[in-house]
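Take a look at the structure below.
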Amino acid sequence: MIFDKDDFKAYDADLWNAIAKEEERQQNNIELIASENVVSKAVMAAQGSILTNKYAEGYPGRRYYGGTDVVDVVETLAIERAKEIFGAKFANVQPHSGSQANCAAYMSLIEPGDTVMGMDLASGGHLTHGAPVSFSGQTYNFVSYSVDPKTELLDFDAILKQAQEVKPKLIVAGASAYSQIIDFSKFREIADAVGAKLMVDMAHIAGLVAAGLHPSPVPYAHITTTTTHKTLRGPRGGLILTNDEELAKKINSAIFPGIQGGPLEHVVAAKAVSFKEVLDPAFKEYAANVIKNSKAMADVFLQDPDFRIISGGTENHLFLVDVTKVVENGKVAQNLLDEVNITLNKNSIPYETLSPFKTSGIRIGAAAITAREFGEEESRKVAELIIKTLKNSENEAVLEEVRSAVKELTDAFPLYEE
């Protein structure tokens, strides 16, 4: 039996109510977590489809089970659309997450114990770029590079000098909290100069790359990985791209049977439909508006001397704000904003002095509010509400004013049209 909503509600009221509460939370909150977005109803329909029933170990035309002709069509659609979007010769759409995509990329390029250079977490890198608590830092000998302490920008001369000293087998570029343009051609020059491979994790900026609004790493990286959510606005999952046929074979083997069994074909279907949306000209307009809204919010903070934007501004979908002149730390800021229905996350800043559980900063992203069709005016209003909240944390009357203003915005821009 395939449940409709009424069946579901009657069968498992506890779960139904929990999901309904999350829908209400998303509708009534302003979502600024940079890694989150709002998918289309088509993406949700594909992910909730009957494809969830089908096991399909292997790849199109090379499965270990029968009855896979239809899912072969689904997965091939996703593969071909991904290749078209990013101009890549090969694509693997099976990774369950960006972390698993990164794991498979490492397995395809290097051996355990090899030296790798990745961006320091506080400078904007990701856990899988060598953090000691991650499989990456435990399996490989990661050496971190950082941003310049004064400009808070990537210093390619310093990165080259460091690479010449440590002689890595692999250099990882890409970030989870870096608000400026990344020059992947310079990373490739450095990699070539020291005989290293280059891997790029473009998870955060993939949607901007797809829209032609950020330089693509695909022509320069030996392997490019990404998530399929964030700015790409698809389901939660991973994607691996390469132009090298031999590496493509290694990637496929690393994913299956290396670290995964059967692919989640319902999620692959959701990736396929989201890729079709990315190929629509409207997506480029969306991505352009994401950057405009990010800049609009950042400009409000730049005008207030009590806040400091890391690296001085933004050229993408996110930026970091040092809040320590106004509140104790980023965790306090995050919790205060939760109370007025504005959701974002505490975040370490370059050369952080506080623990990652407290942090000096917060990270603000524009992807989700732009999906709700907030414009630059609304984005500036959101930034003003954040500042108002943090500067009036003990004034309940002011906080109630903020809650009302948030409600006006979320009512005016519903999560989904009925």
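Please read every residue number as a count from 1 along the shown chain.
Just so you know, glycine gets a Cβ as well, placed from its N, Cα and C.
Here is what Swiss-Prot says about this protein:
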type: BINDING; residues: Leu121, Gly125, His126, Leu127, Glu246, Ser355, Pro356, Phe357; note: (6S)-5,6,7,8-tetrahydrofolate binding site
type: MOD_RES; residues: Lys230; note: N6-(pyridoxal phosphate)lysine
type: SITE; residues: His229; note: site 'Plays an important role in substrate specificity'
Residue, out of the binding-site residues Leu121, Leu127, whose Cβ gathers the largest set of other Cβ atoms within 10 Å: Leu121
Tell me the Cβ neighbour count for Lys230 (N6-(pyridoxal phosphate)lysine), meaning other Cβ atoms within 10 Å of its Cβ, over all protein chains shown. 28
Sparsest-packed among the binding-site residues, when each Cβ's other Cβ atoms within 10 Å are tallied, from Gly125, Pro356: Pro356
Can you give me the same-chain residues 6 or more apart in sequence from His126 ((6S)-5,6,7,8-tetrahydrofolate binding site) with a CB-CB distance under 8 Å? Asn102, Met119, Gly174, Ala175, Ser176, Asp201, Ala203
